[in-house]
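So that you can see what the record holds, here are the features copied from TrEMBL:
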- B:Asp111: active site, proton acceptor (ACT_SITE)
- B:Asp286: active site, nucleophile (ACT_SITE)
- B:Asp111, B:Ser112, B:Gly113, B:Gly114, B:Phe115, B:Asp165, B:Gln209, B:Gly236: substrate binding site (BINDING)
- B:Cys324, B:Cys326, B:Cys329, B:His354: Zn(2+) binding site (BINDING)
- B:423-434: compositional bias 'Polar residues' (COMPBIAS)
- B:435-449: compositional bias 'Basic and acidic residues' (COMPBIAS)
- B:33-387: domain 'tRNA-guanine(15) transglycosylase-like' (DOMAIN)
- B:267-273: region 'RNA binding' (REGION)
- B:291-295: region 'RNA binding' (REGION)
- B:423-449: region 'Disordered' (REGION)
Amino acid sequence: MGVLSLNCNMKFAVERISKGGGRLGKLSNLRSQPDVIHATPMTLVATVGGSAPHLTQDVFNLVAKKDAPLCVSAQHYCKHVEILQAYKKGVASFAALQGHSVCVTVQDAAQATPSGYNDKQGISTWTHGGRQVLTPQTYMNVVEVMQPDWYEVLCDADTPPDASKKRLSKSAAMSKSYLTQCLKLHKDSNCLQGAGVLIPLLGGHSYAERVRWSKWVADNAQDGIEAAGYSLLGLHTNGPKVEKIDAKAVCELVETSLGSLSQSLPRQASGAWNPLTVVRLVMAGVDIFDSTFPYLVTERCGALTFLHWLTRDPSRDNLQHQDKRLRGDSEKNKNQDEEETLNEKEKESKSEELESTEGKENQCDEEVNVKSSYEICLKDKRYAEVQEPLVSGCECYTCQNFTIAYIHHLTMVKELLAPVLLSIHNLHHWLGFFSSIRTAVGSDQLVDLQRLLQTSAA
Amino acid sequence: MAGTASTAASTFLHSSSSPALKFRVVAQCSVSRARASVMTLPHHTVHLPTFMPVGTQGTMKGLLPQQVKEAGAEIILGNTYHLGTRPGKESMKAFGGLHQLMGWDRALLTDSGGFQMVSLSALSKVTEEGVKFQSPYDGTEILLTPEESIAIQNAIGADIMMQLDDVVDVMEKDYDRFKIATHRTTRWLDRCMEANKNPQRQNLFPIVQGGLHPDLRATSLDQLIARDAPGYAIGGLSGGEAKDQFWRVILQCTGRLPPSKPRYCMGVGFAVDLVVCCALGADMYDCVFPTRTARFGCALIDGGQLNLKNREFAVDFRPIDDTCSCSTCTHYTRAYIHTIVTKYPVACHLLSVHNVAYQMRLMDNIRSSIIEDNFPTFVQDFMAGYYKDRDYPTWLTDALAAVNIHLKKANIHNQEGVLTSAVSNREGNINQETQKSDEGTDQRNSNEEREVIKTKIGAEALEDDGLDESDIIKGNFWDHNSRILKLKQVGYRDAILDDYPDQEKAGQAAGWRAALASSQSKTNLVLTLSQLAGALMALKVKQSLTQDQDKEVRELLKEVERKVKMASQSDSPYLLTFMKQEIGEAFEKEINTSHTEVNMESGLISSTVSDGAFSPVSTNTAAATMTIQNQSLESEANSISVLQNRVQTLYQSCGLDTTQLLTTVFHSSH
């Protein structure tokens, strides 16, 4: 491995390491936004086909700031290299989102990546036209034309929790080779000067492998690899399953990976982590996330309603009140059901069977098998007449203008506006959640936030 | 020119006032019947002529109300049938009406719901009481009376409500059916007016009926005008009738309707039609076309449409239309939309914004040209831009000549153009000046006269419909020559059908069930299957398919083949139907061999049957077997409509229009 020195402009400074876990940082000097400073922990806005899902740029700007960083996957653009090459101004501008900075990742975190398709040649990714193999060369071509502010280096992250030892060592071997090639191509590329490089932190779910990989990265750093940051990969293979991953286990793996590495670089962990896992990952030292979780919630007709405000803001009292009311309703229903069940128990003494069936019927929709406790499901008939916003006191465009009943109606008739309104709300809620995280880290209260999520998720 | 046909040179500007509608003509074209006016409704003041985008289920196809406003819409349309089903009348009341529910503070119009019932349900029946139909949601029988329609519309709270009318398919041949419908529509209007609980805030528009029969139209006009409504609609058109018949009806109606009231021409939305109907004196239009075509990846521009799926746009970094100021054209390139079109909903939103803005801008341009008294020039320029070769269809030159706007055809057709214009000019005069009772006859006479001239000059030049098979394969639906057939084929009816896939599927399945269960069925399953096979072969041969699409084609072909094979088995439900229709005449002679063969390569079918047991004589046996097999019929009916839908989806995914399929294969079940 030769000595590589990458000219990188992206700056990151750790501002505060909280006693309660987590750290505050500032990401700045991005090549497309030299004057913008992003406070971390932060979330990137996940995109599909270059746009925030369901949102045209004017609607997107109702939710996010005009400089909000985006996460665009190479998966969506590997078929459009010639188009971007001809366009010359990069993917943000191409998608009419100029002004937003861009991080390029290999895979779209919202889509489960099928396992077992990577080989010596490269990484498999799935486009509308089918499987596409990305070699270091083709991947770097995609990255070049996308003109990101920072990007993930190509690696073999196909290491699901049950991956074999052989798979892990293969992943490591190939990833090393890809990394070397990608860094060389980066160095030789004029277009990529000033773009930050995220070095992948791999090793699947094996502590030993993770330690070994990080050690290799650290050793080579002494040789002069100047990374802009780290990307925690190989923890999952994308898609909705990620939100169900055990937070504790993941955080231990992350801590293992980060142990021997520099504290001064930003750490990114993409994927549909649920809010509680996000908080724990922040505690473990992760700085950058993305909005895949709210996107997936939107796709299953859900609206985020979880509480994340630690400080008592009078305008939020309503929210808690409302939330309690809704929650109360469901509790009441449950109680009723239980009572009925009990009655029937007495009558028929087939208690357990009945209880379980009653429980199933009480669920809003049996089709929706992945539903978290952070959201409400708009398919649920109980919302048909609720003339209140999704979250009262919420300042998003959706909550300011529309009622739950209307969104329920749109959901039931499968109108395209339903996911638009839900996207607006969910993204707004998600961005607000990160603002709460930063406040909590700043006041050493991250544990309180964690507790709040645990209680409301219970 | 002998152009006294129009209300030309009238300096008097009409106006009218009723509790919930004030109407004022602000400018009258000095040549044609076109007029610019202002209509003040309880929620908004609307500038006419205008186009009303269709927001069927309480939303404008993925756009925020704010975006619809920015696109320039002042009044939008909601569908009573859909809103009455979900969320329902009582919920609508509880929400305080649709304005409140969807956050729309401008004007709103609702249709009566009758049209959807007739078109979405295979089993609707009209009685004096109302429209009886089977709910596509749960199969229960529902009766929509004029009273119920108004009750729902009152709950929705639209500024303008439409009466429940007796809708007859414009292609219906039976004159008496139209006669009944005409008179019944008037009787239903009286019931609707009686039922309106909110006349102070909600206007009720009658709908002129009478099909393509001038005498019935005249009767309808007389009866409805006598009711002194705040405005009037012209209905029963845009269902696939010839353009030549279409414009004559509009001309007759606008000639008779009070000039001091707004005139709503239902189901019209193609640019050329809008310009023509404005010239003929109509003020309001609606159509699902702009938002529907957006979902198929098409953007409206002057002179036609861009199908952004085409490869030519891959590196086209211009906006859709550089003269358009909509938010899509301001920010997005054709190339970007090309990369996401029909893949992500954002593309659909972007095109919907543009298409609605395009319609509104067109209406704006029409309006300002009328105010500047420059409308005839506008029409000439517009048409010259639209038909770049100036090869105008005859109906168009005729329709415009009837209101004194003359288009100059390209040289080749010059002679003919002059002649037909002269004739239609006279027709225009006749329409204006003769008594309505004579009108029909006169019009027929002059039609005959024109036929004679046509024959003399040579019929080919008059043929409007330039669309042939190869156009379908190439996807060239939108070039200039092919447009006219398209106008015919994609009526409001098809547009509606296509817009509600779920309901359509249910209706389709019901159609198949009816077809299969009835011993007098006109449906030939084997023929339909072979048409499907042909459509698939055409795709396979002519279209470069992606892997997935190719796989789908193969799968579908296999499935179709399997079904056809089933037809040769003696206990097949297909065979019974098949026998009943086909064997009777064409195949009786050949009852000697024992199987059905399908030549998949040509998509043609050759069928021969031998077993005497199923000869047409044994219909009774067949009927008996039929009853036993009802259950399998049900599932067969469903599986065929699933096949149809898959073929349709496939066509759409290849960027092809399914119009042709709709008329040949897909509608054979209705």
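Every residue gets a Cβ built from N, Cα and C, even glycine.
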DSSP residue counts for the region 'RNA binding' (B:291-295), split into helix, strand and coil: 5 helix, 0 strand, 0 coil
CB contacts for B:Cys326 (Zn(2+) binding site) [other CB atoms within 10 A, all chains]: 24
Per-state residue totals over the region 'RNA binding' (B:267-273) - DSSP helix, strand, coil: 3 helix, 0 strand, 4 coil
Among B:Gly113, B:Gly114, B:Gly236, which are binding-site residues, the residue with the most C-beta atoms within 10 angstroms of its C-beta: B:Gly236
Residue among recorded positions B:Gly114, B:Phe115, B:Asp286 with Cα closest to the Cα of B:Cys324 (Zn(2+) binding site): B:Asp286
Of B:Cys324, B:Cys329 (the binding-site residues), the residue whose Cβ has the fewest other Cβ atoms within 10 Å: B:Cys324
Positions whose Cβ lies under 8 angstroms from the region 'RNA binding' (B:267-273), at least six residues beyond its ends: 51, 237-239, 282, 285-290, 300, 302, 359, 362, 382-383, 386, 396, 483, 487, 491-492
Pairwise Cα distance for B:Ser112 (substrate binding site)/B:Cys326 (Zn(2+) binding site) [Å, integer]: 32
Around the Cβ of B:Gln209 (substrate binding site), the count of other Cβ atoms that are within 10 Å: 30
Active-site residues compared (B:Asp111, B:Asp286) - the one with the fewest other Cβ atoms within 10 Å: B:Asp286
Overall pLDDT of the domain 'tRNA-guanine(15) transglycosylase-like' (B:33-387), taken as the mean: 93
Spatial neighbour of B:Asp286 (active site, nucleophile) that is closest, considering only the recorded positions B:Asp111, B:Gly114, B:Phe115 and their CA atoms: B:Asp111
